[in-house]
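Notes for the one structure printed next.
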Amino acid sequence: MALRFPRFSQGLAQDPTTRRIWFGIATAHDFESHDDITEERLYQNIFASHFGQLAIIFLWTSGNLFHVAWQGNFETWVQDPLHVRPIAHAIWDPHFGQPAVEAFTRGGALGPVNIAYSGVYQWWYTIGLRTNEDLYTGALFLLFLSALSLIGGWLHLQPKWKPRVSWFKNAESRLNHHLSGLFGVSSLAWTGHLVHVAIPASRGESVRWNNFLNVLPHPQGLGPLFTGQWNLYAQNPDSSSHLFGTSQGSGTAILTLLGGFHPQTQSLWLTDMAHHHLAIAILFLIAGHMYRTNFGIGHSIKDLLEAHIPPGGRLGRGHKGLYDTINNSIHFQLGLALASLGVITSLVAQHMYSLPAYAFIAQDFTTQAALYTHHQYIAGFIMTGAFAHGAIFFIRDYNPEQNEDNVLARMLDHKEAIISHLSWASLFLGFHTLGLYVHNDVMLAFGTPEKQILIEPIFAQWIQSAHGKTSYGFDVLLSSTSGPAFNAGRSIWLPGWLNAINENSNSLFLTIGPGDFLVHHAIALGLHTTTLILVKGALDARGSKLMPDKKDFGYSFPCDGPGRGGTCDISAWDAFYLAVFWMLNTIGWVTFYWHWKHITLWQGNVSQFNESSTYLMGWLRDYLWLNSSQLINGYNPFGMNSLSVWAWMFLFGHLVWATGFMFLISWRGYWQELIETLAWAHERTPLANLIRWKDKPVALSIVQARLVGLAHFSVGYIFTYAAFLIASTSGKFG
């Protein structure tokens, strides 16, 4: 018999229905479940796929550089970053009529183009790129790296080059390479680039391959480094009148601690950032050399974990057994990696707007909004993934004997306390926050706005004051001119920092009031509820009150009716599925809040946010409805405009989102009957019945339909909000 898809599962390949195709796609990457898989092949497959992932990333970034160099306006933009709109790439569309061609021809282009809202122009400009030739060079180099990665992936699947399992489980060597090699050396290399290329470029000096060996990054060269006079590198920094990209007002310092922002670009000082990366490099280079590898010195992770005895015996056997549990479970490792990466991605979103690193990006409002939203959504998906793999760990890899009475076992032992506390926190936040919003809503509706319950966030204001914000009048820590912390930092970074935090032209420590207090608690509700569902799904993955032993049922067993006691909504996958809806919901509130507050800030009418954000109708009317006017007006009797594409995307996003419900709210029997009817009609229709199929068509399983519904819901939701965000922001600020 000829081999049928999927080749990795002969059992599935013999399935006579269309289930074969869908289950095949669903389990294609679940290497552990494939026929004849060994631990060694599992690790090698994953290792090789990492090279493929890198190849795709390099190819993609290369494509960004190439298209901007070919079809963009980088060189024109560099001359006037505040007024020229950066072009991402040209649009070729045979359906465009004259009005469309005119609407999308902008940024000094000859034909229709897409405007870039990704911030790449600002990024490339900041790191010292200036010409299209620079961009082409970068694109070629990344293409080369991409090819190298593909070769690397192929090579490590060849018998001679296949790493052994012991190599994959050598935790100390991996830490050494990742901490020192990946983070340490690359941070050091980046410091080198900033000092040798980016900082000179910001002062109007071009350093390229032809002259980098004879241009001194600092007048004193390496002298101060070897004589220990490191402070010389910080002397004579760029002045506050420095024009970025020119020598006017520039200094000679390369590693500084100025604090605050460059007055013209509104971004962090390049010399501060070089200093930061150097410090990070040294930290990680040291950290990577703390663990015992081939040389018999340094710490053994296993010894560290075994030796740690919790005080007073309150955590049982502490970390005993954890080393082998984690080191032998790729799901546990992936869960930890995803949790870390998710948090970092969310931190990137928060810091990219509050402490902008790239020149002029703070004045490109649409890009700021797009980047914040983009990183928060990605963080949400990554974080939910961490819990999904945590749950799979408990089902596939957790061994109770190996972890007796250690911190992991104790988490499981008191999971009911954890889950009930989270549940209580969610209920408390939900009822109180909604209660306040609804009360305020009713007061506004009855024409008595003065009867709203408005709570000042005094603790958060106190924290802002402690960091130096003076407008609240708290006079504490850095906002108190007589304090020791204030005096200690006054000669170094404080003047720049205090200047930045008390200026209204940036997003550092925005002034907050009752509207912020309410939406903060709405977001807290979303975070706690999402966490509740995810934590319960992971901790109950092996067994729960209703179903004490789920081990052999696996991660995503389906809803099986009441016949055998009922298994609806109690697989770990079901918890993940529900959590994603809550995650999207929460990020909706986060991005609505960020965007509305910033729109009013940028337009100079911040009182609109302050007054309208304390009741639900304010959010619906003054944020969503008011800002969607551009989207509802993309096509009208007068033709079209440059926002029309977003108007269509807004509609299309709603369509995709609504399609999700077709999969989420329906019975399998209905679809099965429909499929049978269509198949029957097809087989009895002349000409049509010439086309036959081998697999009997069957309706999607419950789990599959939920996945397809969730995918449509998520994609539609994000498409809709992306169009809203970009159109409403670019429509106002150009």
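Cβ coordinates come from backbone N, Cα and C, glycine included.
The transmembrane segment annotation in Swiss-Prot covers 46-69, 135-158, 175-199, 273-291, 330-353, 369-395, 417-439, 517-535, 575-596, 643-665, 707-727 and rests on sequence analysis. The annotation [4Fe-4S] cluster binding site is assigned in Swiss-Prot to CYS559, CYS568 on the grounds of sequence analysis. Taken from Swiss-Prot, the feature chlorophyll a B1 binding site applies to HIS654, supported by sequence analysis. According to Swiss-Prot, the chlorophyll a B3 binding site annotation covers MET662, TYR670. The annotation phylloquinone binding site is assigned in Swiss-Prot to TRP671.
Feature map: annotations from Swiss-Prot on the structure.
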{"residue": "CYS559", "record": "[4Fe-4S] cluster binding site", "CB count, 10 Å": "16"}
{"residue": "CYS568", "record": "[4Fe-4S] cluster binding site", "CB count, 10 Å": "12"}
{"residue": "HIS654", "record": "chlorophyll a B1 binding site", "CB count, 10 Å": "15"}
{"residue": "MET662", "record": "chlorophyll a B3 binding site", "CB count, 10 Å": "13"}
{"residue": "TYR670", "record": "chlorophyll a B3 binding site", "CB count, 10 Å": "10"}
{"residue": "TRP671", "record": "phylloquinone binding site", "CB count, 10 Å": "17"}
Interface check, the transmembrane segment (369-395) with the transmembrane segment (330-353), three or more C-beta pairs under 8 A: yes
Euclidean distance between Cα atoms of HIS654 (chlorophyll a B1 binding site) and TRP671 (phylloquinone binding site), Å: 23
Distance, the residue listed as 'chlorophyll a B1 binding site' to CYS559 ([4Fe-4S] cluster binding site) (CA atoms, angstrom): 29
Three-state secondary structure, CYS559 ([4Fe-4S] cluster binding site) (per DSSP): coil
Long-range environment of the transmembrane segment (175-199) - Cβ separation under 8 angstroms, sequence gap at least 6: 126-128, 207, 212, 215, 217-218, 254-255, 270-271, 273-274, 277-278, 280-285, 287-289, 291, 293, 301
Surrounding residues of the transmembrane segment (273-291) on its own chain - C-beta under 8 Å, 6+ positions past either end: 171-172, 175-181, 183-185, 187-188, 190-191, 194-195, 198-199, 234, 254-257, 298-301, 357
Long-range Cβ neighbours of the transmembrane segment (330-353) (under 8 Å; 6 or more residues past either end): 42-43, 46, 361-362, 368, 371-376, 378-380, 382-383, 385-387, 389-390, 392-393, 396-397, 507, 594, 598
Distal contacts, the transmembrane segment (575-596) - CB-CB under 8 A, six or more residues away: 353, 369, 372-373, 376-377, 380-381, 383-384, 387-388, 391, 516, 519, 522-523, 526-527, 529-530, 533-534, 536-538, 540, 569, 609, 613, 619, 623-624, 627, 706-707, 710, 713-714, 717, 721, 725, 728-729
Whole-number Å value for how far MET662 (chlorophyll a B3 binding site) lies from CYS568 ([4Fe-4S] cluster binding site) (Cα to Cα): 19
Contact set, same chain, for the transmembrane segment (517-535): CB under 8 Å, 6 or more residues outside the stretch: 384, 387, 418-419, 422-423, 425-426, 429-430, 432-433, 436-437, 455-457, 460, 575-576, 578-579, 582-583, 585-586, 589-590, 593, 613-614
Outside the transmembrane segment (417-439), six or more residues from its ends: residues with CB under 8 Å to it: 411, 452-453, 455, 518, 521-522, 524-525, 528-529, 531-532, 535-536, 539, 614-616
Rounded distance in angstrom between the Cα atoms of HIS654 (chlorophyll a B1 binding site) and TYR670 (chlorophyll a B3 binding site): 25
Secondary-structure category, per DSSP, in which CYS568 ([4Fe-4S] cluster binding site) falls: coil
